[in-house]
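Residues annotated as transit peptide in Swiss-Prot, with sequence analysis given as evidence: 1-19. Per Swiss-Prot, the feature domain 'TrmE-type G' maps to 239-416. According to Swiss-Prot, the GTP binding site annotation covers 246-253, 293-297, 363-366.
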Amino acid sequence: MRILNRVFLNTFQACFRRFVHQIPTIYALSTPPGTSAVAIVRISGPNACKVAKTLAGSVPKPRIASLRTIKHPVRSEVIDKALMLYFKKPSSFTGEDVVELQLHGGTAVVDVTLEAIKQSGIPNIRYAKPGEFSERAFYNGRADLTQLEGLIDVINAQTAEQLYSANKEAHGSIYDICFRWRKKLIEYRAFLEASIDFSEEHELDDIETIKLFEELNEMKDEIDAHIEGGKCKEVLRKGINVAILGPSNAGKSSLINLLANRRISIVSPQSGTTRDAIEVLVDINGFPVLLSDTAGLRKGEDVQEIEKIGIEIAKARAEESQLTLFVFPINYHSFSESLKQSEILETIKDCLRQRKPIHFLINKVDCVSDYTTMFKPIKAYLQKNFLIPENRIHAVSCKTKEGLIDFLQALSSTFECMVNPLTNNKIQANLGWNERQRQCLSSCSSHLSLALQKSSDIVVAAEEVKLATEDIGRVTGAVDMENVFSVIFSKFCVGK
C-alpha cells in the first residue's frame, strides 16, 4: 500500500509540475507609457520569482519593498536601481506569485527592462494580453466578475461621483447582494424539487409553500427596484445630458464657457452667433455633465436658413436631454417677449410634459443696479404659470459669477435625485448595475414572474426558479459565460 501511495504521489507531482509549466508567466508595464517619475513592471505566474532572481539576484520577503539592482541577464549591464515587491500566491492580485518592479520612469529604462525579462532564459514567459492579470484574478478566485467590472469603472472614472459609485461595485457590494439572492434561490429550488415526490399531482397549498412564494415575490420586487436604480446610475456612468436653451443673446454661450472654464462657444452681441450644438463634458461638484450649447430659440424674417437648422437642432437636444437649463436676461420686458415666442414656450411645455427636470437662469444681473426688484416678478411668473419650484430659479451673472455657487449647488441636488432616486424604505436600490448586469436581473425577474404565475404547478415553478438562479450566477460569473468573459477582460489595458 505504501508503494502504491508513493507511486500515486510521484505521478501526481509529475502531472502537477507539467501543468504548472504549461501556465505561462506573463509580464507587462502596468503604468501608462511615456516618461514619468516611476514606472511599474508587473510579473505574474509560476516562474515570476525565477525571472526576478535572474534580473536582481534575489527576491525579497513577501510584501516588503526592497531596493535591488536590476541587471541585463545577457550583457550583465546595470539597467536601474528599483524597488522590488514580492506577493506570494495566493495572496496577490492574480492569485499567483507576483513580482513588481518600481523603476525610474524613463523610456529607455522601461524598454530595456522589458527586453531583459524576455531574454531572461526562463521558459514559457511572454508579454501579457490586455486584461490578462485581471482574467487570472477571476479564474483564481481573487475577484468576481462584478468586482472586475467595477475596477474598469474605477480606472475610467473622470469625476468624484463616478469614482464613489464604481468603488461600491469594485469592493463587492453587488457581489454581496447577488450572493444573498442566489443562496436563497438555491434554497427555494431545493425545497420545491424535494416537494415534487411528496405532493399530490404536483400541487402545493401548505403554509410553508405559500410563505416561500411570498418571499419570492418580495425578492422579485427588490430585483425590479435594483433594475430601475441601475438605470439611474447608468446616467452617472455615461454623463448627465444637459441642454442649455433660451432666446438669443441671453448668455448661453457665456454660461458654457464659464462652466467649462475655457472658451468653448463664441460670445457676441450679434444674434444667431451659435448655429450648431456645441458639446463639452464638465465636472459639476463631482457629477459628469455633458453640456450642449444651442442656437437661440427665435422666429422672424431676419432668421436665416442655416440658423433655422440650428434652432431645430436645439429643440432636438432639448428632447434628448435629461435636464434642461433655460437662460433668460434679467430684463422683464425681454423675458416676457421671449415667452411670447412659440419656439421657447412650446419647448418649456414639452419638458414639463415629459416631467424632465428644468432649471431657469435669469442672467446678466450685473447689468442692473437692483436686480432683486427685477428678479421678483420673473420668479413669480415662472412659479405661477409653470409651477417651477423656487430652488430651480436662479439669478446669476456669467460675467461676475454672482449667484453661481448657489446655482451649482441647486443643480447638484437635482443630479443627486436623478442618480439616487428615492425608493421604498425596505429597498435601497442605489448600486451601479451596468447594462450587462441589468439584463441578467431582467431575465431573472421574468423567470420569477413565471414561477409566481405557475405557483400551483410545482414542476414548472421549480424550473423557473432554477433558471432565475442561473441568471443571478451570470452577474458574478458563477455560471460559465466564456464569450462574455473575453469581452469584459479585453476592456482592461495591458498590465491590469
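Residue numbers in this text run from 1 along the chain shown.
A Cβ is built for glycine as well, from the same backbone N, Cα and C atoms used for every other residue.
Sparsest Cβ environment among the binding-site residues ASN249, THR294 (other Cβ atoms counted within 10 Å): ASN249.
Around LEU297 (GTP binding site), the same-chain residues six or more apart in sequence whose CB sits under 8 Å from its CB are LEU245, GLY246, PRO247, SER248, ILE311, ALA314, LYS315, GLN341, GLU343, ILE344, THR347, listed in sequence order.
One residue stands out among the binding-site residues GLY246, LYS252, VAL365 for having the most other Cβ atoms within 10 Å of its Cβ: LYS252. Computed over the domain 'TrmE-type G' (239-416), the whole-number mean pLDDT of the model equals 84.
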